[in-house]
Structures are given as C-alpha cells and as structure tokens.
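What Swiss-Prot says about this one:
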ACT_SITE  E90  active site, proton acceptor
DOMAIN    96-326  domain 'Radical SAM core'
DISULFID  C103-C331  disulfide bond
BINDING   C110, C114, C117  [4Fe-4S] cluster binding site
BINDING   G157, E158, S189, S212, L213, H214, N288  S-adenosyl-L-methionine binding site
ACT_SITE  C331  active site, S-methylcysteine intermediate
Amino acid sequence: MNNLLDFTLEELKAWMKENGESAFRGQQILSWIYKGVKEFDNMKNIPKPLVQKLKENFFVGLPKIIEVYKSNIDGTEKFLLGFKDGNLIESVLMRYKHGNSICISTQVGCAMGCKFCASTIEGKVRNLTTGEILSQIMVVQDYINERISNVVLMGSGEPLDNYNNVIKFLEIVSAEYALNIGQRHITLSTCGIVPKIYELADKELSITLALSLHAFSNDKRKEIMPIANRYSIEEILEACRYYINKTNRRITFEYALVKDVNDGREDAKALGKLLKGMLCHVNLIPVNEIKENTYKRSSKKAIEDFSEILKNHGIEVTTRREMGSDINAACGQLRRSYINTQEIEGEQNGRFS
C-alpha cells in the first residue's frame, strides 16, 4: 500500500496511466485530499471502479494526535503526534498577526548530537517520509480549522540528513494542487551538512535557509556540535556564500546563547567580524534549559550586549521571542517527556518486569 501524500501530481498521473486510467484523475484525487476529503468513497466525481483500485493500492496517512498542549502565556500549541509504527514526533503551532506558523519535524529523533538539544539525546530512530512531513501540517490545519501560512523545518531531526524526502516535501507543499504555501514562507534549518547545502543551492528555491552556527570558532563549535568535527566553519561559510549567490536569498544564522559558553562580548565581536559583509541575519536564541545537561541560558543583559555588538558590526540581528515556554515547546522536549512518563507508568504497572 502506498501513502498518497508521498506522491507528486506527476507521479500520480503516471500511476493512473500505467493502470489504465485517465491521467486527469490524479488531479481530481489530490484536489479532494487537499480539500480535506480523505475517504475515497466520498470523492464524488471518481468512478466506483477507480475508487476500488484506490482502496486496494493507496491510503492517506495521517498521524494520530496523542496530546495537545496549549500555552497559557501566548497561545502556542504543541502537538504530540503518533504514527502507526508507534513512533512519536512533535509539531508546534505558533500564532502571529501575519498568520499561523508551524514548526515541523523531519526525523524521529536526530543523529546530530548537539549538546543543548533534547531531540538528539537518544539518537535518530528513522527518517520521516515525504507524506509524514506533509501530514503534520494537514492534521494541525484540520484540528484548528484555520489555514497555516508559514512553515519552519526546525523541529526534531536534521532536514538535510533526510534530503530527498525533504526536497520532495518542498515541491508538494508549495504546489497549487496541494497546500499552496509559498516557498518564501518556508524556512529550512540545518546544522551545516556542507555537500547538501550546495545541492540545495543548485535547486534555486525561494525558501529561507537557517544555519545553526552557535559559535565563532571551530574549537568552540566542536564542544557543543559534533557536526563541527566533519565540517569547519570556513567550509560552512563558503557553502553559504555559494547559496546566497545562487538564490539571491539572505541566510539566517542561528546562535543559541549559552551562559559562560558562547555569550561573551569577545564571542560577539568575533562573530561580527566573521559575518561582516555577508547577506545575512543573525537570530539570537536564548537556549532552552533541559535536565539532561547543565547548560544555562544567558542573562538578559548578556543577550542585549551581544545583540548590540553585532549591530555595531553592521549585522542585522533579532532575538527570538520565546514561545510556549510553559509547555516544553522546544524541539524534542515533549516527546522525551511523554516517553519517560509512559516508561515510569509501565514500570509501576509491572509491564516491564
């Protein structure tokens, strides 16, 4: 059985032709699905013999909503979603004046090992398929009965470690026949897999690339990001310049501020010199504290000083507004908390004895 959400329009048209059907049926079927009709029997202009073929060959794979947590602070909603194989992922809905934005996952867990991130603590379980990535938007959109207009690939997982499925997702999610979310409203965050940055640049998409930098030197970056042992900052910045030249799109550098690790004035000055002259923007992120490590967030004064120093170097800077702090809204925190709770309850009930 095939998940229809994994199919582009051209792929479904090709399947129709190969199976003795008119290609235009593919357009009709996807039109129904992206309008919210998931049952083949309810697709009124599809002949019954084709409906039967669809039932025998396809399904519309949507995850189950396990839990929804809503912030009392800002209305952010965190969704814990479950797939049929028992794996869990997280998606976060953020409401802004300009529309609804969703942060989605691209993998179950993560292999990158960044020291301050909860989603990587137990490693990568598996990649999400194209349809599983897409389905997060669909199931949340159905739940809130409102359109989602902005997408951030910044949840659990490294998008460029799931490159082919993510690229196909970007094609489908922005297509008129599907969710029709413009590429300029999509941000892809990566810790810096250099060869894939070049490949992505050659696609010449209109998405925003966000690069998780978090340090100005290779030695300091290696302390908190194992990926730095594979690719140096110099290699990453060279790839970023290539991306800028190919796409004419500004890059966002993400910088998680960790107290007494990378938040000093000298760090800010060095980062300013490093990025000076690039078509870029720096997003400062007060680190989310998790119990599995001792990293603490920087003080408000340190964050303000860091920002001011970058601005003095001609760098555009914003400090990320913290959302959903009362519901473990940082990537990986909710999934891990839920799994731990289930394990404790299982032990108490004797299921693991």
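Keep in mind that glycine also has a Cβ here, set from the backbone N, Cα and C atoms.
Keep in mind that what you see is a predicted model, and the values were worked out from it rather than measured.
Shown on the structure are the features that Swiss-Prot records.
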| residue | record | Cβ neighbours (10 Å) |
| --- | --- | --- |
| E90 | active site, proton acceptor | 29 |
| C110 | [4Fe-4S] cluster binding site | 26 |
| C114 | [4Fe-4S] cluster binding site | 19 |
| C117 | [4Fe-4S] cluster binding site | 25 |
| G157 | S-adenosyl-L-methionine binding site | 30 |
| S189 | S-adenosyl-L-methionine binding site | 22 |
| S212 | S-adenosyl-L-methionine binding site | 24 |
| L213 | S-adenosyl-L-methionine binding site | 28 |
| H214 | S-adenosyl-L-methionine binding site | 27 |
| N288 | S-adenosyl-L-methionine binding site | 19 |
List only the single closest residue to E158 (S-adenosyl-L-methionine binding site), chosen from the recorded positions C103, C110, C117 by CA-CA distance.
C110
At a 10 Å cut-off from the C-beta of C103 (disulfide bond), count the other C-beta atoms across all protein chains.
26
For C110 ([4Fe-4S] cluster binding site) and G157 (S-adenosyl-L-methionine binding site), determine the Cα separation and express it in whole Å.
4
Taking only the residues in the domain 'Radical SAM core' (96-326), give me the average pLDDT of this model.
95
Cα-Cα separation of E90 (active site, proton acceptor) and S189 (S-adenosyl-L-methionine binding site), in Å?
16
Expressed to the nearest Å, what is the distance separating L213 (S-adenosyl-L-methionine binding site) and C114 ([4Fe-4S] cluster binding site) at their Cα atoms?
11
C103 (disulfide bond) and S189 (S-adenosyl-L-methionine binding site), Cα-Cα, nearest whole angstrom:
11
Assigned element (helix, strand, coil) containing C114 ([4Fe-4S] cluster binding site), judged by DSSP:
coil
Give the distance between the Cα atoms of S212 (S-adenosyl-L-methionine binding site) and C103 (disulfide bond), rounded to the nearest whole Å.
16
Protein Cβ atoms within 10 Å of E158 (S-adenosyl-L-methionine binding site), excluding its own:
27
According to DSSP, which kind of secondary structure is G157 (S-adenosyl-L-methionine binding site) found in, if we only use helix, strand and coil?
coil
Give me the Cα-Cα distance between C103 (disulfide bond) and G157 (S-adenosyl-L-methionine binding site), rounded to a whole Å.
12
